[in-house]
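Participant: Below you will find the structure I want to go over with you.
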Amino acid sequence: LNYQLSPSFEYQSDPWFTHVWKGVNGTPTKKRAIGFKKLAKAVKFSTKLMGQAMAKRVKATILYATETGKSQVYAKTLCEIFKHAFDAKVMSMDEYDIVHLEHEALVLVVTSTFGNGDPPENGEKFGSALMEIRHPSSNSAERKSYKVRFNSVSSYSDSRKSSSDEPEHKDNFESTGPLANVRFSAFGLGSRAYPHFCAFARAVDTLLEELG
């Protein structure tokens, strides 16, 4: 016996698999066979269009420095979001060649601060390179440790931002630094339980602004 309750919901196959296209006279029409050559041309054409569209997008480089991997997760999430409108890529600071920095259009920095104002291990090279570009010194005796230097830059960043809130502060000026054409933003992860809160992120933000 086959009992069927009514009303009921019945499963049916997808209509695009079972529908039969009919011509003017009501007779079934034959499906158009697409050859491999035509399909390959269509794929090549669509790839070319996508390449042209991607070439017009602004390139965005996302740099991260981390000790625990949290900043890397944030950086990858940020990259996925920016890929909707930018030609974005993400990489660690120790893998980035600082020589390419002045040719970037948009740089996004995601970094934590390790310990008492120290940069993460994979961010030391990048931070030191920025510091040397901003404050070149041939005398090794005059060079302070990166910890002291980044903390001092971070403290200067706080005083600079507080002074920029004053009415007489002027924002209209023409930048002539080596990174004048680079747009940037820095996002820091840290805890206010430490005296130097997000010191490395603030230092990178300040150095990029001074160089641009």
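Keep in mind that glycine also has a Cβ here, set from the backbone N, Cα and C atoms.
Swiss-Prot lists these features:
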type	residues	note
BINDING	TYR11	heme b binding site
BINDING	186-212	FMN binding site
COMPBIAS	158-173	compositional bias 'Basic and acidic residues'
DOMAIN	60-212	domain 'Flavodoxin-like'
REGION	30-50	region 'Calmodulin-binding'
REGION	155-175	region 'Disordered'
Participant: Roughly how many Å separate the Cα of GLY190 (FMN binding site) from that of the residue listed as 'heme b binding site', to the nearest whole number?
Facilitator: 54
Participant: Please identify, from the binding-site residues TYR11, TYR194, the residue with the sparsest Cβ neighbourhood, meaning fewest other Cβ atoms within 10 angstroms.
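Facilitator: Among the binding-site residues TYR11, TYR194, the lowest count of other Cβ atoms within 10 Å belongs to TYR11.
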Participant: Expressed to the nearest Å, what is the distance separating ALA186 (FMN binding site) and TYR11 (heme b binding site) at their Cα atoms?
Facilitator: 53
Participant: State the three-class DSSP label for the residue listed as 'heme b binding site', counting H, G and I as helix, E and B as strand, and everything else as coil.
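Facilitator: Where the residue listed as 'heme b binding site' sits, the three-state DSSP reduction gives coil.
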Participant: For the region 'Calmodulin-binding' (30-50), what does DSSP give as the number of helix, strand and coil residues?
Facilitator: 15 helix, 0 strand, 6 coil
Participant: Are there residues at least 6 beyond the ends of the region 'Calmodulin-binding' (30-50) whose Cβ is under 8 Å from a Cβ of it, and what are they?
Facilitator: 21
Participant: In DSSP terms, helix, strand or coil for ALA186 (FMN binding site)?
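Facilitator: Its secondary structure by DSSP: strand.
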Participant: In DSSP terms, helix, strand or coil for GLU210 (FMN binding site)?
Facilitator: helix
Participant: Would you mind reading off the Cα separation of TYR11 (heme b binding site) from THR206 (FMN binding site), to the nearest angstrom?
Facilitator: 63
Participant: Measure from the Cβ of GLY190 (FMN binding site) and count the other Cβ atoms within 10 Å, all protein chains considered.
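Facilitator: By my count, 18.
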